[in-house]
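*Asks:* This is the structure I have questions about; it appears just below.
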Amino acid sequence: MAKAAVTKRHHFMIQKLLILLSYGYTNGLDDAHSLRCNLTIKDPTPADPLWYEAKCLVDEILILHLSNINKTMTSGDPGETANATEVGECLTQPLKDLCQKLRNKVSNTKVDTHKTNGYPHLQVTMIYLQSQGQIPSATWEFNISDSYFFTFYTENMSWRSANDESGVIMNKWKDDGEFVKRLKFLIPECRQEVDEFLKQPKEKPRSTSRSPSITQLTSTSPLPPPSHSTSKKGFISVGLIFISLLFAFAFAM
């Protein structure tokens, strides 16, 4: 049992390192841009009626904060507000519909209540990368109560689970054609607005804090901003992440 838990954590660590590797590479490219949406689905209570929350960031700039209680759209630069609003408005309804669908799926998913401690808590991270010469694609990461993990790649419509237990849930979810369609077409429905905003030059915020841990990737805090000096720093970070990835694989053996 303990070995299985450790193996599960290793799989999750490797999965996060792969995402970090992707960001480390694209952050080293001057023309690389990204849209990231963090979704949270949880059980509401009388004291806290919040059951879903969505935050979307473009190149670390928060453009949309949406929940079943309120909605806020913002941009880091007044000159970008109009375009950020267009992106936020386009994403709002699809995200609302998706969160409702996710809530239904979590409610109907059988999980080990000892692992989930009651109603499952779902975290979903969508990452859309855009870089010249590369095909734009989105990656969806699913984390159910820090116990079940799986990923969907829209580029080749493939799924990957962290372990067998996660695979059981993943296979049921991927057989839902309507659900998969929502994941696949969320970005294409707003592709024009998103791409236009991503193409705009932006003054990205500088970070004075240390790099986030792997577990912070699924939180609502922004990712570390790219370097503006040279692409060399980006490739150095890739090398460090790659070394960490090798260690993770070694421990998982």
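Heads up, the Cβ atoms here are built off N, Cα and C, so glycines get one too.
Worth saying up front: this structure is predicted, and the values here are computed from it rather than measured.
Pulled these from Swiss-Prot:
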type	residues	note
SIGNAL	1-28	signal peptide
DISULFID	Cys37-Cys56	disulfide bond
CARBOHYD	Asn38	N-linked glycosylation site
CARBOHYD	Asn70	N-linked glycosylation site
CARBOHYD	Asn83	N-linked glycosylation site
DISULFID	Cys90-Cys190	disulfide bond
CARBOHYD	Asn143	N-linked glycosylation site
CARBOHYD	Asn156	N-linked glycosylation site
REGION	197-230	region 'Disordered'
COMPBIAS	197-206	compositional bias 'Basic and acidic residues'
COMPBIAS	211-221	compositional bias 'Low complexity'
LIPID	Ser229	GPI-anchor amidated serine
*Asks:* Can you give me the same-chain residues 6 or more apart in sequence from Cys56 (disulfide bond) with a CB-CB distance under 8 Å?
*Replies:* Leu35, Arg36, Cys37, Asn38, Leu62, Ile63, Leu64, Leu66, Val87, Gly88, Leu91, Leu95
*Asks:* Taking each of the disulfide-bonded residues Cys37, Cys90, Cys190 in turn and counting other Cβ atoms within 10 Å of its Cβ, which one has the fewest?
*Replies:* Cys90
*Asks:* What same-chain residues, at least 6 away in sequence, bring their CB to under 8 Å of the CB of Asn156 (N-linked glycosylation site)?
*Replies:* none
*Asks:* With a 10 Å radius around each C-beta, find which of these glycosylation sites (Asn38, Asn70, Asn83, Asn143) has the fewest other C-beta atoms nearby.
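*Replies:* Looking at the glycosylation sites Asn38, Asn70, Asn83, Asn143, the Cβ with the fewest others within 10 Å is that of Asn70.
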*Asks:* From the Cα of Asn83 (N-linked glycosylation site) across to the Cα of Asn143 (N-linked glycosylation site), what is the distance in angstrom?
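*Replies:* About 31 Å separate the Cα atoms of these two residues.
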*Asks:* Quick check for the class: what is the C-alpha distance, in angstrom and rounded, between Asn70 (N-linked glycosylation site) and Cys90 (disulfide bond)?
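*Replies:* Asn70 (N-linked glycosylation site) to Cys90 (disulfide bond), Cα-Cα distance: 16 Å.
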